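Pulled from Swiss-Prot:
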type	residues	note
BINDING	137-191	ATP binding site
BINDING	Asp263, Glu277	Mg(2+) 1 binding site
BINDING	Glu277, Asn279	Mg(2+) 2 binding site
DOMAIN	110-310	domain 'ATP-grasp'
Amino acid sequence: MTPANPKPLANHHIAVLLGGPSAEREVSLVTGAAYAAALERLGARVSRVDPGKDVAQVLTALAPDLVFNGLHGRWGEDGCVQGVLETLGLAYTHSGVLASALAMDKAKSKAVLAAAGIPVPGGGLFDRHDVAQGHVMPPPYVVKPNAEGSSVGVSLVFEGANGPPRQLAAPDWAFGEQVMVEPYIPGLELAVAVVGESNGPRALAVTEIRSSTGFYDYDAKYSQGGSIHVLPAPIPDAVRDRALHLAKLGHTALGCQGVTRSDFRYDDINDLLVLLEVNTQPGMTPTSLVPEQADHAGVSFDRLVFWIVEDAYARRFAGGIA
């Protein structure tokens, strides 16, 4: 993973996708900027692309050696932009079309993960209007858009609540007609970063996330001080090893490539570890988990970015980086 040359990407033209039209645009702008800066430090010529409807024409005109995907949310991590890049014949980073689409769809990804023997939450899909009208399961439970990331649109309904979140019935609700409703799992929030390597995926570490509000929502993820990351997580060795194993298994079961982040809940009273989801485009902001875990494993951010590029080239071209 360590480049011998301090400028190993000299003479390489890399287009970084950042921003985009999703609800996670602001996070993507920060992630993409971090990627672009690292690539420039590694010697690459970088074109920053905030994709719109003309993204195919823009990328065709740029003709980059590689597209570095720094997008989050719909269109950027659900298989759509990956399909565009496949059609254009461009090498790109992170997971491909099918894995991206599966991981973004909570219902489908849970089915795949469960079939692989991975513990996942119960619950199911409901029409958002039905959920807004009354409890579809006894509280506490969690309501999530079926195809969003970064906890966008997520609500926690506590015991004693008079009813479910009213915003589900709002005319300006923009997160799809179906929502995933799952029983709330008490305990610890854990995360594991995984990097795919030629001899199999490697899980970096286990982080415990402690939110200042008690709920790891969008603000807790991306606001300074919104959460505290405890690395390594203060959990028994057996639980750590189980989380590392399940994260690698989830990465493989969904067919992911490059880097992913698996999010877990651990009920420490009942010793229950549950995989919530696998993120194929994990954040790379100053408050993000993957760069922290890489650093903990002795991998600098620039080395991590170089590895992502190296992995993408190796998948597209037999000779890897020229």
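Backbone N, Cα and C atoms are what each Cβ position is placed from, and that goes for glycine too.
When the Cα atoms are compared, Met137 (ATP binding site) and Asn279 (Mg(2+) 2 binding site) turn out to be 26 Å apart. The Cβ of Val179 (ATP binding site) lies under 8 Å from the Cβ of Leu125, Phe126, Asp127, Arg128, Val131, Val143, Lys144, Pro145, Asn146, Leu168, each on the same chain and at least six residues away in sequence. Across the domain 'ATP-grasp' (110-310), the prediction's mean pLDDT works out to 89. Using Cα positions, the member of the binding-site residues Phe158, Pro165, Asp263 nearest to Asn279 (Mg(2+) 2 binding site) is identified as Asp263.
Considering only the binding-site residues Phe158, Pro165, Asp172, Pro186, Glu277 (Mg(2+) 1 binding site) has Pro186 as its nearest partner by CA-CA distance. The most densely surrounded of the binding-site residues Asp172, Glu277 is Glu277 (count of other Cβ atoms within 10 A of its Cβ). Neighbour count (other Cβ atoms within 10 Å of the Cβ, all protein chains): 21 for Lys144 (ATP binding site). Sequence-distant contacts of Phe158 (ATP binding site), defined by Cβ-Cβ distance under 8 angstroms and a gap of at least six in the same chain, are Pro139, Pro140. Take the binding-site residues Pro165, Pro186: by the count of other Cβ atoms within 10 Å of each Cβ, the lowest one is Pro186.
Sequence-distant neighbours of Asp263 (Mg(2+) 1 binding site) (same chain, six or more apart, CB under 8 Å from its CB) are Glu189, Leu190, Ala191, Leu275, Leu276, Glu277, Val278, Asn279, listed in sequence order. Around the Cβ of Met137 (ATP binding site), a 10 Å sphere holds 17 further Cβ atoms from the protein chains shown.
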